[in-house]
Structure formats: structure tokens, C-alpha cells
Amino acid sequence: MAAKPEQDCKTAAALIRAGSLIEGVESAGKDFLVWTTQGPAVKKDPDLLFSLCRVLPGSTQQTLKLQQVEPTADSQELTVQAKEVWQANPGIDPLTYGDIGGLPHTNEPCVLDFLARRYQSKVIYTTAEPLIVAVNPFQDLKNAGPDTIALYRDAPDVDKLPPHVFYASRRAMTNMHQLKKPQTIIVSGESGAGKTETTKMLMKYLATSAGGNLDLKIQTAIMAANPVLEAFGNAKTVRNNNSSRFGRFMLLDVAREGGIQHGKVVAFLLEKSRIVCQDKDERNYHIFYQFLKGAPGHMRQRYMLQPLEAYTFINPHCLDAPGIVDTEDFEQTVKSLESMNMTETETCTIWSIVSGVLLMGNAKPTGKTEAGVENAACFVGESEAALRNACSLLFLDYPSILHELTVKTTYAGSNKIESRWTVPDSEMLRASLAKGMFEQLFLWIIRKLNADIEPKGGSFDVFMGLLDIFGFEVFQNNSLEQLFINITNEVLQRNFTDIVFEKELQLYSKEGISSKKIEYTTNEKLIETLLGKGTSVLAALEDQCISPSGTDEKFVSSLASKLAGNKCFIPSKNTKSLEFTVVHTIGKVIYNADGFAFKNKDVLRPEIIEITRASTNDVVRGLFEGVKVEKGKMAKGMLIGSQFMTQLKGLMEVIQKTESHFIRCIKPNDDKVPLKWVNSKVLIQLHALSILEALHLRQLAFSYRRTFEEFAAQFRFINLGVSNKPGADAKTICVELLKSTSISADEYALGKTMVFLKPQAAKMLVRLQREALSAWEPLVGVFEGMTVLKRAKQLSTGRAVPATRICANVRRKLVQAGIKVC
């Protein structure tokens, strides 16, 4: 389900970065355009976020008087503060710019307006170097056919072609084979943004050989498994009804001439806590609803299925998802399992485990005093029956599982000591068993797929990697899941920042410019705040989860104490509140720690893993294959947070060995209709996908770069005396144009073929150019009048008056420009 419009508006508004004196007002102060959040149109439709206004006389750098001109003209005069104003890019044709970074201003409203106008012209790809931004068109634009593939595959210089996902494919393939280095194309975005379609397009390009042949074997195998992976790994969240709750990394063996020869799928960071609890407006994984709604009578009986409302692990407040027909999807999942060469026994085991995981939630322990332990866990009545049936469905020995859920075993040296688990302890063990069985079943399905598509030995010398992963998440209620997802994105952001500046250094080196002029900051301090040893958010959570008396309240209190004075962390002003704020790369995110400790405790004891390995079922025996067990120890490594960090570390180790390319997918509206653009919806994603951050990183050094010829042509009107100097080459003109301004030498650099400018220098040149052109405005009306006279061929003596005026004005302007006149 899409997020409520008012929620998007509030979230987007909170993310907007304040304007500034520099961006808000120019010293000329003459009738120029700006964006503001205070326009009448925004008051009427908050989704707009910004409206375009004209600055009126009487404005100062602190306070501006405005009049709205877009989306509709309004005579109302506004008085706003500079922090509520952002400069616009008047006169810019968005179709002539392939790279957002080439715009004079790249503030939030300018980027939104630029992308919106391109999108409404059906131009969905844009560069925000080194990113490619892809906006979901919700229609077939016929831009991915054989002709388009051939255009990008065969072009002598692909850099001269418009932005496209095929550009990323071509560049990655070329680098892979020429440099013999693995490549990764990272595709990110929220559900519905077009990640799946983008990945399919990338695979289509990679599978097409230079001779026009299409090798569909591996692509078909992977796509056939996609409904199964989505059923087990996707769920309805408050923002999206088909949200991928895991990261997917595909390794592809691509021939030099094109064609996918082998492949492998690796799953990262499955959101296990969702299996046992969901927020009010969210669902569990799709597979549960497909099975319970779509299974025929004989399956319902065989797998002991009950109504949805009967299961504790199913949120009763959200049983359906708009746009999803669970019964139809169940049929598709069944067909996909068959296409994956599953045996009948394997398929039956899958359904049995799915049912058993759900039923395990109904096995609720109750307390009694036993062996000197108050509230000792035991299972009686319906709970005992549920546990017995769940074990049967999971192919686990019931007496053994019952023992592990009620009897606590510890070791003192070689001595074995038994006592009783309390009810809360038993509930955590039961939940961990359910989560572990489901997660390992999901991974087993992927291993089964890989057995059919990966090369012999399972290793790749050089590969093309496709990473499909979620971006930053900012909800109205942000829990442990959002914290883990946002930590993942911060780590990816650090990698991204390193790559951006590595490319900057390469360009500077090529152009002969000192890299000492690059100044930038990283999110290293933030990552240390989130993940550092001893004093960090994750460390504090792990400490509380290990402690017998640990609670969410103590966790939040510990954070406030340990991170006091840390600029990346803001405690709640209410000491009784479970909320805390982290200052992420994308802005401030408020987390609610209610349930953090419970969600993080994934204490699947070694004894329980050993029970699965003693199962009579072949599939169940192999579920925990490769999982190390060590009896008698309960450590941080068993917690979800630790497992998450292990997987994240593994993902980054793979990515860092490759050369990365980035595609950011944008969902322009929740209605999935063509040409509809919702600013509030898009702005959240621009932050979440680090698109604005990419532009910000470029602003930190010489963000503007043009060839000498392009620079001389763009800013020729600043000083016509220099621009029209006879015999001067482009570089000489550039140097003299810059010297004729007040721009200091440390604000620009001259390379071998290009001019590099810092952001404020580029903005000053734009202003000087506009002032120069504005000074010529009196001549416009005169020339228009002369044109009319000429066309009418009126040869009266009255014509001499406008001619005289023209000559006088032209002579005056030429003298001002330093051009000698007779």
C-alpha cells in the first residue's frame, strides 16, 4: 500500500534543507526567479513543496518580497525569509542537459523541476555523475529494443550518447573484459520504482551477443525463479505493497561478445524479525497469504492450515495488499517451483515448513513455579498441541524441541547443569526457531537455483555483478528494521563517496590539476556512532540483549549516556520516551526503540540446530548446512544485529573487489500512472538514494567543468571585448574572461582541455552573464520595431529616428565592452 499523501508531505518537508543567503539572493537583486515553500500553490497543494516566484523590488538578503509565477500566476505579494528561498534555473532547457550536475543550481527544487520536466517529456534517464537516475515511466517507451541495444553496444564513443541503463551495461562490460576486473552495477530504489524492470533490461543487454543472438537459458532460469524469491522475500510495508525485504546480488559470467553463460544468486540481509511480528499496517511475507488463501482443500488438510486470523505470527489488522491477488500469485509460485526442477518431495517439504513456521507462533508457553524457578515455561492445552503439530510439520522431534524450549542447559567446565527457562526466554527461543527455519528455507531455495545455473565449482574468475537492494527508509514509525537498512545504506554511502572522489582524482590527474584542492567530509563519524565497538548504537543494543535484565528502556538510557555530546545522535527531550534521533546522511531520522531488544534476540541455540540435523527429512537436515554450532555458549554473535553485520561485511567485501556503477530508480507516484509527478514522493527518494548527496559531493570541489570551447561559448556575453578578440584561441579567451571578473584564482583551475570552477564561482559567472544580457534589453524592443518597419517596407523619413537610436545604443554598448568603434 502506498504511504498516505499527508505522511509523504510531512516526511518530505522535514527533509528539505534550508536555503541560504548565497542561494537565496544575488547582489544584482533585479527581477529574478526563485523557489519558495511559502507560495499560495504550496498552501493549496502541499505535495508541490515549492512554487516558482519572481523577486520584487524592496527585497533584501534577509527578507524577500515575492510574487508567484508557477504553477499558476498569483498577484498576492509574499514576504519570506532567505532560508525559505532557493535560486531557480531560468531559461534552462532540461532536454539539453543529460547531467544534473551541469545545472547552475542543484538545490532540491531545481533538481525536482529538472527531473519532472524531463519525465513529462518521456525522458526518464538522467545522469547525476556517477549515478544514472531512472524514473519509472509506468508505460512502454520502446527504449529497450534490439535497435537501442545495438546503438549503445556498437557506438564508437558511448559517452556521446544520452543517459541510459545500457550505458552502464556497456561501460561495465568494456571494463570487465579490457581490465579483467569484476564489475558491479548497483540498482537501488523502493518497491515500484522499477528495479526489477531495470535489472531485466541490464540482463537483456548482457544476454545479447554482437551477432544479435539472445542466450535466454540463464536469464529464463533466473526470471522463472523470481516469483518464488518474491513470495519468500517480499512483503507489504507501510510504504509499498511489494517491498523486497532482502538484498539480491547476482553474479553473471558474460561472454566478451555478449551472452550470459553462467550465474549465481546471493541473498543478503533478509528481514527475519518480520516473520514473527509486523507493524499495524504491514504484512508478513507474501508466501503465507498465498498459501493460506490459495491452497486447495487437500493441501489445507495435509498441512493443517487454519484461517489467517488464527495465527499469532499474522498481523490481524492487515491481511490484504492493494493490487496483489494472493490466490493468483499462489498459482504462479506453484508453477515457478515446478520450473526450478523441484522434486515432489522437496515441494511438499517447502509447504510443510511454511505451515510449521506459522503454527509455531501459536505454541505459547505459560508459567508455573518449578525447580525453584518462578514463571518457568511449560506448554499445555492448545499450545502443547500447536507445538506438537508444528514440530511434525517441520520434521523435528517433538520431545527434543519441547525440552530445549523449557529446560535451560549450561556448562561449568565439563559439568552439565540443567534448570528452567522462564516464559520470556522460551518465547524468544520459539521465535528464533521459527525465524531460523524460514530464513534457512529461503536460502536453501536459492542454493537449489544456483545448482542449475552456476559454473562447475561455483567460482567466477571475472564476473558482472547486479546488486538489487533497498535504499534508505524513513517511515512515520522507524524500528529496528529501518535502523539495519539505513546502516546498510550508510556503509554503501561510504563506499560510494570513496568511488566518487577516486574518479575526481583520476580526472584531476588527467587534466594536470592538483588534488590538494579537493575538500570533502565523509560519514565515518556517523558509521562509528552506529557500529563502533564499545560506544555505539549497535554495541549498546547488543549489551542489553546479552544482559539478563536488559530492556528497551535501558538501551535508550544507555545511548543517551554513552553518546552524550555526539553530533550524530540526538536523545529525546522526554526521558521516558523510547525515541532517539540519528543524524543520517539523508537527514534526521527518529527511531522508536519499542521492541528493539526482542527483535534483536535471535538465540537459536546449538542444541536446536543439532535437532534439525537429526531430522528424518533430507531438506530439513540440510537447512543449516555450514552453520557453526558451539554448545554451552551464548554470545553476541548469535543476535540478529551480529548476523546482520556479518552479512553486510560479506557483501561489502565482494563489492569492494569490483568496479562499481550505480543506477537509482525513482517512483514518481503511487498510482502507477504515466506522466504523473508528485514532488513530495520524489524528494524522499532523492534523499534516500543519495542522489542529492552525489550532487553535494560534486559541489565540494570544482563541481563545474567545461571544455575551453564550451566555456567560451557559454559565457561570451560577460565580456564581448574578450570573446570577440581576433585570433584568440578558446583557452586564451577563457583565461581573459575569468581575469575580467572578480573571481579569485583559488576558485577555478585550468586543466589541459577543461575549465574547472567551484560552485560559487560558477554561480557568479551565471549572474554576470545575466546582468550583461539584461543591460541589452532596451535594444530588444527597438529591433522588434525595426523588423516590423522593414517587413512593411515603409520608407518614410520617420524611420531615421529608430535607426539613430539603434546606432547610439549599439555604439554605447560596444564602448562599454571595450571594443573600439569608428
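The count begins at 1 with the first shown residue.
The backbone N, Cα and C atoms fix where each Cβ goes, and this holds for glycine too.
The structure displayed is predicted, hence computed values, not measured ones.
In Swiss-Prot, the annotation region 'Actin-binding' applies to 660-670, one of the ranges 330-340, 473-483, 649-659, 660-670.
For the region 'Actin-binding' (660-670), the number of residues in each DSSP class (helix H, G, I; strand E, B; coil) is 0 helix, 7 strand, 4 coil.
The Cβ of Gly194 (ATP binding site) has 25 other Cβ atoms within 10 Å, all protein chains considered. For the binding-site residues Ser191, Thr196, counting C-beta atoms within 10 A of each C-beta gives the highest total at Ser191. The ATP site is set by Gly189, Glu190, Ser191, Gly192, Ala193, Gly194, Lys195, Thr196; from the centre of their CB atoms, other residues of the chain with a CB within 8 Å are Asn136, Asn240, Cys665, Lys667.
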